[in-house]
Amino acid sequence: MNRSKSQAAATESTSKSISTMARKQSSKRKLILFVLLSVLALVSFLPVFASLPSLSSHSQDLHFHLPRHQRQHHRPKIDVRKFEIAEDMFWKDGKPFQLIGGDLHYFRVLPEYWEDRLLRAKALGLNTIQTYIPWNLHEPEPGKLVFEGIADLVSFLKLCQKLGLLVMLRVGPYICGEWDLGGFPAWLLSIHPDVRLRSSDPAYLQKVDGWWGVLLPKVAPLLYGNGGPIIMVQIENEFGSYGDDKAYLSHLVKLARGHVGEDIILYTTDGGSQETLEKGTIQGHGVFAAVDFTTGDNPWPIFKLQKEFNSPGKSPPLSSEFYTGWLTHWSEKMARTNPDFTAAALEKIVSRNGSVVLYMAHGGTNFGFYNGANTGVDDSDYKPDLTSYDYDAPITESGDVENAKFKAIRRVLGKYSSVSLPSVPPNNKKTGYGSIQLKRTTFLFDLLDEIDSAHIVEAENPTAMEYLNQMFGFVLYVSEYAAKTGRSKLVIPKVHDRAQVFISCSPEVNGGQVSYVGTIERWSNQAIDLPNAKCVSNTSLFILVENMGRVNYGPYIFDRKGILSSVYVDGRVLKRWKMISIPFHNLNEVPKFNPVIQTASEFHKVYTHKKLEHQSDGVLEGPSFYTGHISIDTTTEVTDTYISLRGWGKGIAFVNEFNIGRYWPTSGPQCNLYIPAPMLRHGENILVIFELESPNPKLLVDSVDQPDFTCGPRQASVDRF
């Protein structure tokens, strides 16, 4: 080998090695510098990364602990309206959204007050309104659809949008809600063979298909993606507490999707337990499972359980019924909940970015005959709800907000709100218009001759109210029996809900004088002694049965009204009955039995020719109509008021032919009935009372400026928290 060439080659090789080593060292220094800079950058932006959501429960838990200003989320910018669920959060138009809602039911508030109540809800700190839709309000008779007045759902939804409030729509078909029959039309109970409610019974589903075929197209244009306020639509309601029929729930989902499309969020609400969620959720159909639970429960373990029933990334923590108060039945003490306790429980959810819907934000009133009822150990353990649905909510029945609960909840919601809350409106003015003198205008039995024969049905056995094509009010059952020497015993094994019993002889004997002999109640059914009326022929038996509200929750919701069994006198079954419908009218329905209110409103007709005698130890002067005037001078502002029924027995009241509901001060706790100002007018306002038992001895009622829930024996206490 040539030495010079070998040296040259060696020198070149050495030079290349040195150059390579230099490049490697330079690259290593650059890599180290890059790593250092990356570490510094990571440390600098750690709060941002820490706030990004993770599908792991640990990361999500960390996210909810972070202050609001440290939460930064990035999703692709969208140019269309869209409300969705992703990364275990709600997203509105591409931005994270904490849903702060409250139930406020349009059908429990006069339309003239909808805006007033919604503005108060906004001032409380709400960005969303949740409302039920009661099927029975909108279809009181088969095929008769009502969407006007207090049933003008579309106007209510548009008003929510105008005021900047989103809507969660609970379309049923079952709603519960302390509303008659859980929102089902009572005429479903008149179908033969029996329709199995809340099931995949084809006869029932056919009726649901027809109802949703009307309802859902009405609300579809108001879905959020179509420019409206509706962000979510609920399927059924707490079905896991009732049954386990997945075919039924799947049918509802398919039906809903056919009308409202695939983009809207469908959701269910169930109690926060393994059993109720297994039965009530609709997994595999893209339906979001929300939960509710007792106020004061630790919410976060329940939200963790909630995730098991939603798809990965599709479980934002939502308490869809956070109870601000509780319902009250007749004869109970008014339910009250502690404001500070309620607010503290609420803060446990919202402080960690959980979403919540207050039940109720504003309760309102069960006007008309629409109050529901509950049962206990069996269907005879019957507990009807008050006319007032105040619910001890932060916005009271009359809309008052100057109270401790409103302030406590607003304080919590304001603390975690990203925007300033609106100012709080003052309470609406209320006026006591003084004492109102009433006159007895009509004794119910005097009206019998004026009743159209179309309202009278004859049958061998007593017939349920629903089969008489009457869904609310009263039915008078008339038969006769052969009296014996001494007393007879009357037994009615099954009456829903309260029966007042009267006897009389023929008109030729004592002018057909009617005698009251006793009352049979569903919850304490006892036999009644019938005195010997000493009639020349058979003794006439009159049984006035009141429907006090159908059961709305639990296994006994199939709740027909009237006499539901045979009637026995001295062990013998009575046959040949006449059933006389006395329906009055309900909310925005046209009166079916015009002579009742028309005759009762005419002062010049004062019926006195039939005197009611007392044949028992209880004192009773009804059932009769009493009429008076609430006079409002033209110089006086027309405001809300209440009428106090202290000293009266039990009945219903009408103001300017509007059914303001039931009263029962002897049972309590409600003494006063709320009269919103829009019901009243300057001049004379007609008050008609149908008193079943005994009026105030002076025939007076008082118009007062505040509610009163201190009447009755108050046998049970319902202090919830």
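Heads up, the Cβ atoms here are built off N, Cα and C, so glycines get one too.
Note: TrEMBL annotation is automatic and uncurated.
Of the given residue ranges 1-21, 64-84, 694-714, TrEMBL assigns the label region 'Disordered' to 1-21. Residue counts of the domain 'Beta-galactosidase galactose-binding' (623-685) by helix, strand and coil are 3 helix, 32 strand, 28 coil (DSSP-based). Summed and averaged per residue, pLDDT over the domain 'Beta-galactosidase 1-like first all-beta' (462-582) gives 94. All protein chains included, Glu238 (active site, proton donor) registers 20 other Cβ atoms within 10 Å of its own Cβ.
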